[in-house]
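J.: Annotations per TrEMBL:
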- 74-93: transmembrane segment (TRANSMEM)
- 100-122: transmembrane segment (TRANSMEM)
- 128-152: transmembrane segment (TRANSMEM)
- 164-183: transmembrane segment (TRANSMEM)
- 189-206: transmembrane segment (TRANSMEM)
- 295-312: transmembrane segment (TRANSMEM)
- 332-352: transmembrane segment (TRANSMEM)
- 364-383: transmembrane segment (TRANSMEM)
Amino acid sequence: METPGVLDGLRSRVLPRRVPREPRAFGWLLPTAVLCGYGFFSNLRPSEPFLTPYLLGPDKNFTETQVFNEIYPVWTYSYLVLLFPVFLATDYLRYKPVILLQGLSLIVTFFMLLYAEGLLAIQFLEFFYGLVTATEIAYYSYIYSVVDLTLYQKVTSYCRSATLVGYTVGSVCGQILVSLVGWPLFTLNVVSLTSVSVAFAVAWFLPMPQKSLFFHHHSNAQVSKEMKVIDDKNGAVLEDPPALKRVPGWEEVESKVPLNVEEHPVEHQEQRVNLVKVIKELWHDFLRCYSSRTLLCWSVWWALSTCGYFQVINYTQGLWEKVQPSHTSEIYNGGVEAASTLLGAVAVFAVGHIKTSWSTWGEIALAMFSFSLLQLCISWIQFETSGCAMLPMYHSELCICCLSQLQRSRLLPT
């Protein structure tokens with residue numbers, strides 16, 4: 001199902017009726033390879049599944065109250081506050097500087113995790129990690145500004161797979177190094193710091209984009225109100241690009257707009273960046289989008305679902321640590337998180353190949369998934385109060401991650 005408000009807003013300023021460039025032989029390969037390398041190394045963090053045991057252990061020696069009530073919430077609120085300013089900065093700075101900022105923030109985060117002492121210092125660390133998560137939008141939208149429209153689906157799969165593989169390899173390596181080699185958690189953080197430093201170095205080789213969605217785009221005089229794709233092989237006019245027929249959400253709108261399009265010679269006119277004008281455009285698009293009751297309902301559901309998912313992934317290590325302390329028994333956090341990531345990706349891939357009418361069955365499926373998630377969360381509470389073994393809790397973690405990613409893979413009815 002189309003979302004008229006989003007599509008009209010995009011059509012009014014993005015593309016004239018022009019012919020997309022024929023992809024050069026290897027013009028897309030370099031930026032895609034560099035970005036995938038950055039995505040892999042920035043997510044290769046073997047210490048992340050063991051963050052809570054590290055903070056509660058002898059290295060930092062914080063209490064549970066400090067970790068869960070005073071440290072972790074800083075990340076949540078930092079992420080919330082930084083999200084919109086980072087979104088504007090990403091477009092204004094044209095992606096690459098924000099990716100570099102993310103890499104630098106990762107270095108600061110893990111350096112402070114190794115050497116910072118005291119509650120206030122670790123809270124600053126969580127602020128920088130909030131900046132890391134807020135700047136993820138630059139990674140996922142950069143590639144669409146430097147490759148041709150015909151390659152969008154291919155490069156999307158590459159870039160998302162790079163982060164998935166990086167996180168999975170990091171989790172598996174962390175579990176092996178802890179369980180089999182016997183490395184301390186401090187050393188795992190050294191490995192993570194090294195990996196994100198490599199990612200930061202790789203990011204410098206990214207080509208600088210020339211266009212973005214709001215601040216650096218064609219003027220209205222150059223833009224046609226109707227956006228069409230021209231088949232340069234036979235001259236036929238095709239339908240609107242499939243990528244714009246299913247706009248998944250506000251955070252991916254920019255990543256679906258064709259920015260790298262061949263232009264005819266036009267008068268060079270320096271465009272002054274007008275922040276007020278851009279904010280007015282965003283507000284206008286916001287009103288048009290959310291005048292749709294369907295989009296409004298799905299957006300509210302998406303926000304609530306995302307908050308619930310973040311709560312689970314943020315505090316699940318604490319629950320495991322309370323039921324089975326890491327200093328007295330063997331823990332398998334890395335293996336469980338690696339398995340949940342892979343199973344979730346497989347589930348999303350499978351759902352993407354199911355031919356069904358999501359406009360008809362989507363709400364029913366989401367209701368069933370949400371009810372299942374509620375039951376799993378309730379079972380966690382029962383596991384904790386009854387002193388249950390860790391195996392059922394690990395199974396619940398796998399199910400929750402799979403169901404959450406299944407839900408998040410279908411944001412809008414089609």
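Each residue, glycine too, has its Cβ placed from N, Cα and C.
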J.: Per the definition of 3+ C-beta pairs under 8 A with sequence separation of 6 or more, do the transmembrane segment (189-206) and the transmembrane segment (74-93) touch?
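T.: Contact between the transmembrane segment (74-93) and the transmembrane segment (189-206): absent, because fewer than 3 Cβ pairs are under 8 Å.
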J.: Count the CB pairs under 8 A between the transmembrane segment (128-152) and each of 74-93, 100-122, 164-183, 295-312, then give me the winner.
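T.: When the Cβ pairs under 8 Å are tallied, 74-93 comes out ahead.
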J.: Mind checking which residues reach the transmembrane segment (164-183)? Cβ under 8 Å, same chain, six or more beyond either end.
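T.: The answer is 39-50, 191-192, 195, 330-335, 337-338, 341-342, 345.
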